[in-house]
Each structure stands twice: as structure tokens, then as C-alpha cells.
Amino acid sequence: LFQVVETNLVAFDCHWIIINEEISDADVQELVRRSIGRLTIIRQTFPVPQNISQRCFRGNHRISSSLCDPKDPFSQSMEISNLYIYDTVLLLANAFHKKLEDRKWHSMASLTCIRKNSKPWQGGRSMLETIKKGGVNGLTGDLEFAENGGNPNVHFEILGTNYGEDLGRGIRKLGCWNPVTGLNGSLTDRKLENNMRGVVLRVVTVLEEPFVMVSENVLGKPKKYQGFSIDVLEALATYLGFKYEIYVAPDHKYGSPQDDGSWNGLIGELVFKRADIGISALTITPDRENVVDFTTRYMDYSVGVLLRKAEKTVDMFACLAPFDLSLWACIAGTVLLVGLLVYLLNWLNPPRLQMGSMTSTTLYNSMWFVYGSFVQQGGEVPYTTLATRLMMGAWWLFALIVISSYTANLAAFLTITRIENSIQSLQDLSRQTDIPYGTVFDSAVYEHVRVKGMNPFERDSMYSQMWRMINRSNGSENNVLESTAGIQKVKYGNYAFVWDAAVLEYVAINDAECSFYTVGNTVADRGYGIALQHGSPYRDVFSQR
């Protein structure tokens, strides 16, 4: 049995049924302590007379006090086979006594191995019949034999691993069996139903806003926790009647498998039986379900990205924003060209002036007149020739269209000042390399991206690109050890943090400087759940609430 334990065959998903009448209480406790999976042990029990004076006197014979007293150290160290040997000798002696008492003893002739015609003892069959009648009460109980030679008076007890109110993994009696009444008891786990009063559960958690937070503490009083997960735990405790003691995982991690097969973090506390349940922003993953049990999800989970908003700057040339720079260059060139054409038309066909009037048709005045009409301010020089008026009419129509378009775009631009945030989805994040991004090392998000990016059966181009960035320098360059470090890195540096969408949205909403924004996918392919020890009887009770 201990070779089974040493070779790790009693793992999380194993259930061993051990039928061994030789197994002692010490062996049972050692098996339970060293194993991880579930155990069901069936062993033979031997009734002990309730009357102390009758324990050492069985019928017509007396038993040594060191054998009949169950509290005697020698009696406790006796192996079952030794009890059978004792009763065998006792049964044989009783058969000889009956034969001699009934005067039915068959004398035994001397046998020799040399003679080939030696006859067997004729009293053997009669002796066997006397032994079968039994009627002896030994260390193993009443010794009787059925037609098939079996003892009909055997009793068995059934033991099983138990996760009870004692906050430990122990052994409890599931039932017993005897030939008269059969099975007494139940082989299934005890139903807790709605009453867990008197039960004190040890709860392990990881601080993660808004799921688990430390509330303001009064000096001298123990820490108090608050948050969404704590509200769920409080509701369960109120409904079921249990109490709990809560503590933070020593390494402040949710838990991931190590090279030697063990687990760290919150999951490790459950695996090593140091806690009964674990609650926080804990996602249900296949790897974690292999070593612990989860309740049904109480909240959907999705991956999000936390980014810093682009800084809003004061632009002195914001009035030029409605049009592109190339368009402004075309307008400036058009003003110069039309001004030159107006000057040439006036120079080739000068207008007739009245006596005493003076005017100037210089190039400067032509340019100024075209510019003034473009900005809807009019001009000082009158042009009376037909060619010039046709030219200016077309120019005024052009200026009307351009100015109307500019006014509309400027109004929209000033009403809604857009801040350029180039990343609006996970796809945008994966395509760019200007902003490095990462997550918490060895977290569920880290494993999710790794599986999606490397598994040939689930390979996704987006996740493949993300994994290349996240896994730079074996994950040490862009990843952090805690989510709080990732949030600070976004706030004070050029960085994007990939994490649980619910957590990131809470951070963005409660940021006093409003410097964050979040993006992500809306597909909830996982959920948050409460983790329990593997095989815990509390799983179904919590899930039903």
C-alpha cells in the first residue's frame, strides 16, 4: 500500500478501494496522511464483550489478559494473522477434547514413508466434522463453519476519507456489514443540506479589486475584507450558518503548476489541505479543475486590456485642423493664381475711368482683393470689365463652397474634441509593436494566451502575435508578478496590461485622474468560481445556493 503512495498512484483523481483485514488503525491514519486521492477501506472487525469480566473467559477456557484487553499495547500490536493462529489452535484443542470426552477417538496407526500400502487415518473425516461444529469463542469471535467451510459470523467495517468540520482530511466510518442485517450505513458522502452551524472553514484569498479588498482597519482590531467575492462568501455563510477564518495566500498568487508537479499560490493552499475553500477573482480552468473542485460559476469572465489615454495637448493651430495640410496648400496656391489672373485681365483690358477718378490695378491690390473676397470681407478695387467680373463670380462661388465646408468641419471639431487612442481592440493590440504589453506571469491569462498561441489545434493568429510579445525573454521582459504592478506600469509608462476585464474596468472607473481606458473581447468563455479541496462535500452545497 505504501508503495502505491510513494509512486503517486493515489493522486487527485484516483479512488482506491482497499480490502485488507490486516490493516491497522495506525496504517489507516498513515495512508490518509500520505495520500491525496480518495480511499475506501474494508476490513474485518472482531466483537469484544461489553462485560469486562467476560473478555478473558470464553466458554471453558481462559485467555491471557494481555490478549483480551483491547487497551493493552501488546494486544494493539497483534497482527490479525496471529489472532487466527491462536483461534486455530484453540479450535483444534477443543475438537480433541470433544472426541476424547465422547469416547469416539480413533487411534492412529504408525505411518512410514517406506511402505507403499500405508492407509490414511480413518478418524480424519470424523475429526473434520467435529471441527466444523465449532462452538468456540476465540479472539476473532464465535468460530462456526457453514457447509462451504466459511465462517458465517464475520463482521466488516467500511471506512472512507472525509472532509469534515474538523478542518482536516481524516477517516470516518461509512458503515458496517454483518451476515444478519447486511449493510448498515451509507457509502455516499454525508449530506450537509442547509445546516452547517458549528462549522468553521478556513478561507484563502488573493487581494484583487473589486473582488477582495482590505477595508479600513481600526487600530487593534483584525483585518476586515470587502468586495464582490466577500459579499458572495458572506451570503453563503448567512444562509448555511457556517463561520470562516480568512487569510491571504503567502505568495499572493492564484496558483500555477511547478516543475515538480506541485502547486503554489491559492490553489497550492487547497492542494496541501491548509485551507478549505479559496475565493477571489479566481477563474475556472481545466488545469485547476484537475487538482481542486470548483462550484458553478457565479460571474462570467473575459480578457481585457488596460491602456493610458493619449494626453490632451493645446494646439495653437487647431483652427487649421478641419482641412488637411495639402488642401490648405491648394487653397493658398489658388488664391495666388486667381490674383495673378485678375491682374493680367485688368492689365490687358484696362477699365475706362471717369474724369478725376483714380485707381490702382497693381498685382498687390489684385492679390488683396482675391484674398478679401475669399474670407468674405470684400475688396476695395472695383473691377468693371466683363472678363474680370466673370472670373470673380466663379471665384466667389468657389469661396462660398470652401468656407461653408470649413465652418461645418470646424464646428464639429470644436464640439467633440477627439483624443486619438489608436488601440480599440485585442486585434489592434496584437498588430502593433510600439506599445509593449504583458500580464501576470504564470496566471490564468498567461496560460490562456500561451495555449491559444502555441497549441496547433487552437492556434489563433492574434494570440500567436500576442504570445510572441508576452513571452519575450521567457516572459520576464513584459510580464509582472502582481496585477497592481501592471496597473502602475500602465499609469507611469508606455505599457498595456492584459488582465481580467472586470478588474480593469473597475480600475478605470475609479481612477481619480481618469487616465485609463479599457478594450477587450465580450465573449465569456470562462467564469469565476469558488475553489474547494478535491472531493470536498461542500461543493454541491455551495453550487446549489
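Yeah, the Cβs are placed from backbone N, Cα and C, and that goes for glycine too.
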Recorded L-glutamate site member, picked from Asp87, Asp102, Asp500, that accompanies Thr283, Arg288 in TrEMBL:
Asp500
Inside 10 Å of the Cβ of Arg288 (L-glutamate binding site), count up the other Cβ atoms and send me the figure.
26
To the nearest whole angstrom, state the Cα distance for the pair Thr283 (L-glutamate binding site) and Ile423 (site 'Crucial to convey clamshell closure to channel opening').
26
Looking only at DSSP and grouping its letters into three states, which state does Arg288 (L-glutamate binding site) belong to?
helix
Go ahead and report the DSSP secondary structure tallies for the domain 'Ionotropic glutamate receptor L-glutamate and glycine-binding' (210-272): helix first, then strand, then coil.
20 helix, 13 strand, 30 coil
In whole Å, how far is Asp500 (L-glutamate binding site) from Ile423 (site 'Crucial to convey clamshell closure to channel opening') when you measure between their Cα atoms?
18
Other CB atoms, at most 10 A from the CB of Thr283 (L-glutamate binding site):
22
With the L-glutamate site defined by the record as Thr283, Arg288, Asp500, how many Å span the farthest pair of C-alpha atoms?
17
